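The structure appears right after this line, and notes come after that.
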Amino acid sequence: MRTSAIVVAGGSGTRMKSGIRKQYLSLSGRPVLSHTLQAFDACPAVDRMILVVPEGDMAFCRDSVLAPSGLQKPVRLVSGGKERQESVYNGLLAARGEADIVAIHDGVRPFVSSDQIAETVRLASETGACMLGIPASDTLKQVDGDGNVRQTLDRKTVWLAQTPQTFRYDLILTAHESARRGGYSGTDDASLAERMGVAVRVIPGSRLNIKLTTPEDLVLAEAVIGARLAF
Ligand SMILES: Nc1ccn([C@@H]2O[C@H](COP(=O)(O)OP(=O)(O)OP(=O)(O)O)[C@@H](O)[C@H]2O)c(=O)n1
Ligand SMILES: C[C@](O)(CO)[C@H](O)COP(=O)(O)O
């Protein structure tokens, strides 16, 4: 099965409140995005990559992210959209004809493991859809607009979604096109498949597979890098 990774890095990083887009911030001397791409480059289950970036960043990404990263697999640059869902869709269109399976991943999750990527590919090849997640370990509260607890949720059945979210290509393209026709906007790709009635398999990711979203996440990221260097 031909497998393409679609790494989405077309966002503005508003919540990170940094001078440059968070996907380009330096982690251990390399851009965040370089760490992410190298995890997919090292995964034997992935044949090629599509990197989705803001339209105006193409030359920068080519010269300052891809070139120094020493990637072995082909990477194609594609321009992103206004929302993550549109960026993914642009990546899907670019993968047409080259992929039977697509692993869709946030470019700002640099600590994903190649083994876990491979396992999502293996299972998506069998079932059509597989994603990483972690079971909720904190007590979950539903909170109303006034900041008061409305109810405590049963956390036994709640998992926090991660990426990659990996699908049979035709399945996820159909789901995206259905969402576009229906005006549905989801915060992840699995939700588009779910609304089509697809059973999405969730397998354990890692608490280290963090999404760099706010400045505190950078502190965590440096700690992960430090811990890795220590072992
Ligand atoms: N129009 C967009 C928005 C997001 N993303 C990507 O989707 C991933 C998860 O999105 P998020 O963490 O929300 O990134 P941003 O949208 O950049 O952050 P913010 O919401 O703080 O602006 C990131 O790798 C981001 O670059 C994208 O490719 N295209
Ligand atoms: C796709 C995702 O990472 C799964 O948890 C998450 O939904 C992305 O949300 P964001 O607001 O686009 O970062």
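Sequential numbering from 1, following the chain as shown.
Including glycine, each Cβ sits where the backbone N, Cα and C put it.
According to TrEMBL, the feature site 'Transition state stabilizer' maps to Arg15, Lys22. For Arg155, Lys211, the entry in TrEMBL reads site 'Positions MEP for the nucleophilic attack'.
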Nearest recorded site to Arg15 (site 'Transition state stabilizer') by CA-CA distance, among recorded sites Lys22, Arg155, Lys211: Lys22
Those recorded sites in Lys22, Arg155, Lys211 whose CB falls under 6 A of ligand 2, listed in sequence order: Lys211
Lys211 (site 'Positions MEP for the nucleophilic attack') in three-state DSSP notation: coil
Rounded inter-Cα distance in Å - Arg155 (site 'Positions MEP for the nucleophilic attack'), Lys22 (site 'Transition state stabilizer'): 31
Same chain, 6+ residues apart, C-beta under 8 Å of the C-beta of Lys211 (site 'Positions MEP for the nucleophilic attack'), given in sequence order: Asp106, Val108, Arg109, Gln162, Thr163, Asp217
Which listed residue (Arg15, Lys22, Arg155) has most other Cβ within 10 Å, given these are recorded sites: Lys22
